[in-house]
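Novice: Handing you this structure, nothing more for now.
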Amino acid sequence: MAKRDYYEVLGVERGSSEADLKKAYRRLAMKHHPDRNPDSKESEEMFKEANEAYECLSDPNKRAAYDQYGHAGVDPSMGGGGAGFGGQNFSDIFGDVFSDFFGGGRGGQRGGAQRGSDLRYTLELNLEEAVRGTSVNIRVPTLVNCKPCDGSGAKKGSSPITCPTCGGIGQVRMQQGFFSVQQTCPRCHGQGKIISDPCDSCHGEGRVEEYKTLSVKVPAGVDTGDRIRLSGEGEAGTQGGPTGDLYVVINVREHSIFQRDGKHLFCEVPISFVDAALGGELEIPTLDGRVKLKIPEGTQTGKQFRIRGKGVAPVRGGGAGDLMCRVAVETPVNLGRRQRELLEEFRSSLEGDDSHSPKTTGFFDGVKRFFGDL
């Protein structure tokens, strides 16, 4: 069967950056890794295919040869004149790719103890909780060590045995033409041990699914995107490996009155056109209660007033921000007869005196000049 194009295997374009290649490979490797699909031959083949594609495209020289000559440029068995793979160690190439997921680099890929995966939990808060801080109980699905077998995967009274194929390393070296490649042991799937008499509770996995209830203390001043790390509250490791961490990611819901931008809060304050014209005093809501705000006469829509110290104190320290109040002058509706008469009288009183509406006068003067110049 003809080999698939390496770029097609990874699902990227030919001009993709190294970061894009690595991201695509990590996604495929996590999906098809033998440890996660122990009984799937298809996943094993796709994992190997992704390994081969990334091994080639992550090396600038091999990638250049592949781009020019295709598979013949990098595979000596196809008779091409390319650089080939030169006997480079498989685990040296991919150690950094798996370091975040399989226990910290190359050592984590071999048989033996492996660190548990980190978990992510999105915590929804309202604005008041985010600003003031709170304590929340959350329920998180995770993997914990199986109690009957104490995480070994073997039935009580028995023990896992060292894999005879890889000698407990979890990796086997495969000779391919002029070079050799290390691959996950197909018999123990990288664990280094074989369980001949599996535990009835976990079926040899060593871990079982469970919901944990945890108390999360949220500090005051957090914002959307902030993370709280709970060490050791992720998935249990395998074969005695350390437990991963839980990352609680904050998401602050929209507020009906306030919008937040960093440490500052913003709100829109509707006022009547009478208050805007004559001035007055308004009660403005803040997260700490109501405050008085003086509105000077002649206030226009869009005018912004600053109330100092009524914003948010940042979680990383520093003084509280401000509350910015933007005025929106409201046009009266549903007028009664007498109200209309009064407004008509008011309009008549303004005729011939442009000093009361300088912006309006300036605008229409500009319009006249514009059409006069045409």
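Positions of Cβ are set from backbone N, Cα and C atoms, glycine also.
Computed from a predicted structure; not experimentally measured.
Residues or ranges marked as Zn(2+) 1 binding site in Swiss-Prot (evidence: sequence analysis): C146, C149, C199, C202. According to Swiss-Prot, the Zn(2+) 2 binding site annotation covers C163, C166, C185, C188. Here Swiss-Prot flags 5-70 as domain 'J', drawing on sequence analysis. Here Swiss-Prot flags 146-153, 163-170, 185-192, 199-206 as repeat 'CXXCXGXG motif'. Under the heading zinc finger, Swiss-Prot lists 133-211, citing sequence analysis as support.
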Novice: Counting every protein chain present, what is the number of Cβ atoms, excluding its own, within 10 Å of the Cβ of C163 (Zn(2+) 2 binding site)?
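Specialist: So the Cβ neighbour count for C163 (Zn(2+) 2 binding site) comes to 21.
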Novice: Please spell out the DSSP helix, strand and coil residue counts for the repeat 'CXXCXGXG motif' (163-170).
Specialist: 0 helix, 0 strand, 8 coil
Novice: By CA distance, which of the binding-site residues (C163, C166, C185) lies nearest to C199 (Zn(2+) 1 binding site)?
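Specialist: Considering only the listed binding-site residues, the nearest one is C163.
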Novice: Other than its own, how many Cβ atoms are within 10 Å of the Cβ belonging to C188 (Zn(2+) 2 binding site)?
Specialist: 26
Novice: Give me the Cα-Cα distance between C149 (Zn(2+) 1 binding site) and C188 (Zn(2+) 2 binding site), rounded to a whole Å.
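Specialist: Just about 19 Å between their Cα atoms.
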Novice: In angstrom units, rounded to an integer, how far apart are the Cα atoms of C188 (Zn(2+) 2 binding site) and C202 (Zn(2+) 1 binding site)?
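Specialist: Between the alpha carbons of C188 (Zn(2+) 2 binding site) and C202 (Zn(2+) 1 binding site) there are 17 Å.
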Novice: Name the one residue among C163, C166, C185 whose Cα is closest in three-dimensional space to that of C146 (Zn(2+) 1 binding site); these are the binding-site residues.
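Specialist: In terms of Cα distance, C146 (Zn(2+) 1 binding site) lies closest to C163.
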Novice: How many whole Å apart are the CA atoms of C185 (Zn(2+) 2 binding site) and C202 (Zn(2+) 1 binding site)?
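Specialist: C185 (Zn(2+) 2 binding site) and C202 (Zn(2+) 1 binding site) have their Cα atoms 22 Å apart.
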Novice: When you measure from the Cβ of C202 (Zn(2+) 1 binding site), how many other Cβ atoms are you left with inside 10 Å?
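Specialist: For C202 (Zn(2+) 1 binding site), the count of other Cβ atoms within 10 Å is 21.
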Novice: At a 10 Å cut-off from the C-beta of C185 (Zn(2+) 2 binding site), count the other C-beta atoms across all protein chains.
Specialist: 23
Novice: Using an 8 Å cut-off from the Cβ centroid of C146, C149, C199, C202, can you name the remaining same-chain residues around the Zn(2+) 1 site, in sequence order?
Specialist: K147, P148, D150, G151, S152, G153, A154, K155, P198, D200, S201, H203, G204, E205, G206, R207, V208
Novice: Quick check on the repeat 'CXXCXGXG motif' (199-206): DSSP residue counts for helix, strand, coil, in that order please.
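Specialist: Helix, strand, coil within the repeat 'CXXCXGXG motif' (199-206): 0 helix, 0 strand, 8 coil.
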Novice: Measure from the CA atom of C202 (Zn(2+) 1 binding site) to the CA atom of C163 (Zn(2+) 2 binding site) and give the result in Å, rounded to a whole number.
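Specialist: If we compare the Cα positions of C163 (Zn(2+) 2 binding site) and C202 (Zn(2+) 1 binding site), the gap is 20 Å.
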